[in-house]
Amino acid sequence: MKRELLCVLLLCGLAFPLPDQGIHGRFRRGARSYRATCRDEPTQTTYQQHQSWLRPMLRSSRVEYCRCNSGLVQCHSVPVRSCSEPRCFNGGTCQQALYFSDFVCQCPDGFVGKRCDIDTRATCFEEQGITYRGTWSTAESGAECINWNSSVLSLKPYNARRPNAIKLGLGNHNYCRNPDRDLKPWCYVFKAGKYTTEFCSTPACPKGKSEDCYVGKGVTYRGTHSLTTSQASCLPWNSIVLMGKSYTAWRTNSQALGLGRHNYCRNPDGDARPWCHVMKDRKLTWEYCDMSPCSTCGLRQYKRPQFRIKGGLYTDITSHPWQAAIFVKNKRSPGERFLCGGVLISSCWVLSAAHCFLERFPPNHLKVVLGRTYRVVPGEEEQTFEIEKYIVHEEFDDDTYDNDIALLQLRSQSKQCAQESSSVGTACLPDPNLQLPDWTECELSGYGKHEASSPFFSDRLKEAHVRLYPSSRCTSQHLFNKTVTNNMLCAGDTRSGGNQDLHDACQGDSGGPLVCMINKQMTLTGIISWGLGCGQKDVPGVYTKVTNYLDWIHDNMKQ
């Protein structure tokens, strides 16, 4: 009887856990983990399980209430009213839920985040980067930054839960910031088994130009320019005639906006560019300032390639935002085919190789795609353009490939064509007298074949690292008696090893960029032209020498 009772008790124990079992039990396994998070793309914010938030409804003026449930975002519309106090930065419009205290910011173009505090067009930082509010999230080692709101940073001195986090630019994101006034923007990374700080690879804005030009929309511009597009002189921000205006030196946050006892151009509301108040025909109005954006050529958000392939490495378009893909309509069938690579050198102009256009295609049969990582798969931020015209160098020799350069003008209804973003940007043109040391390491990129015998182009953008050959090694003698002129330069992979491991351009890469880093900016040194095979040991690729064509480029761009 006792044995039977003991068996019954044991069975009950299996069926009904003891009261304190839950203290040590590990119940949270699988997909429904309490660590499940949700990503709200419009605000680029990550939310934890059961967190809720408001967000604007797409293509609607309504607002919806969202909740993170097991990794899924569940939303429904709710009534809202205007916020009782300003909570949004950079000209964002604040709306508050009618029956609870949460709010949502309707952000102007170029700004995202819970409070419109993230500037998606900021591609570099000024001075120490204390006011940098861009989206760079990569450390100098290539490590990805950790979200400032992560619980692993709760004991760190700088995290998104500090009382003054918003002022410091910290929030529910992993973008580089400089909250402690260090030398430049930094972030936390996981390294060698622990969480530590590391400077970011965010590029610095060109020095010496901050007084004459502005970066992004000019929200952080603090120069002394004070003339408008009509050459009118700006009114001081503390002028008595501005009483009652939204943006004056009397605002509580005027210092943060750059407003004060001066008449310098500013952009306190996140408008398209710096502006100021002026008097026109005895009436108070405002005008944009007569300023140009700073050059951000050659700047990028480089991501270290993860996959090695024949001839190079798979890469992302953000590492080579100047890379263009040129397509041409098929002659006898619908659709289009990939033609060549190209390189964006200004908003409306792309350089390529002359030999790509031997068939003299009508301009309306050509298309240029910018911002694409995969050759035939559209990218999220890609930009597509028809061609207004293209110019092949008048002295191009289709036998020797001398003067192998062409210039394509993108079609646009305005003077602005390509819009700068993390995926689209220009490469710098070199100085006329540029002479780089022999064996300087440079980069090329393109959608070409992995090897000469392959029947297919690469599905994804590749990059390769090569070194500039001395002129004494860039001769006919070293290239099997092929003609080599002073308009060409040579570059190749100088490492020892089998041919399969060597980096090089290949068929399909033609017209693409060979860029070298000069003063932390990627500068266009060559245009991919021709070669003997692909990735052969001690056989360099041949490139059009861009410094020889600067006058030709500028003259044709002015026409």
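Numbers here mean position along the shown chain, with the first residue as 1.
Including glycine, each Cβ sits where the backbone N, Cα and C put it.
DSSP assigns His355 (active site, charge relay system) to a helix. According to Swiss-Prot, the feature active site, charge relay system maps to His355 (among others).
According to Swiss-Prot, the active site, charge relay system annotation covers Asp404 (among others). Asp404 (active site, charge relay system) falls outside any helix or strand according to DSSP and counts as coil.
According to Swiss-Prot, the feature active site, charge relay system maps to Ser510 (among others). Taking Cβ-Cβ distances under 8 Å and a sequence separation of 6 or more, the neighbours of Ser510 (active site, charge relay system) in its chain are Cys340, Gly341, Ser352, Ala353, His355, Cys356, Gly446, Gly448, Ile528, Ser529, Trp530.
The domain 'Fibronectin type-I' annotation in Swiss-Prot covers 36-78 and is backed by sequence analysis. Averaged across the domain 'Fibronectin type-I' (36-78), pLDDT in this predicted model comes to 79.
Under the heading domain 'Kringle 1', Swiss-Prot lists 124-205.
In the three-state DSSP reading, Tyr99 (site 'Important for binding to LRP1') counts as coil. Marked as site 'Important for binding to LRP1' by Swiss-Prot: Tyr99.
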Rounded to a whole number, how many Å is the Cα of Asp404 (active site, charge relay system) away from the Cα of Tyr99 (site 'Important for binding to LRP1')? 67
Could you check what DSSP calls Ser510 (active site, charge relay system) once collapsed to helix, strand or coil? coil
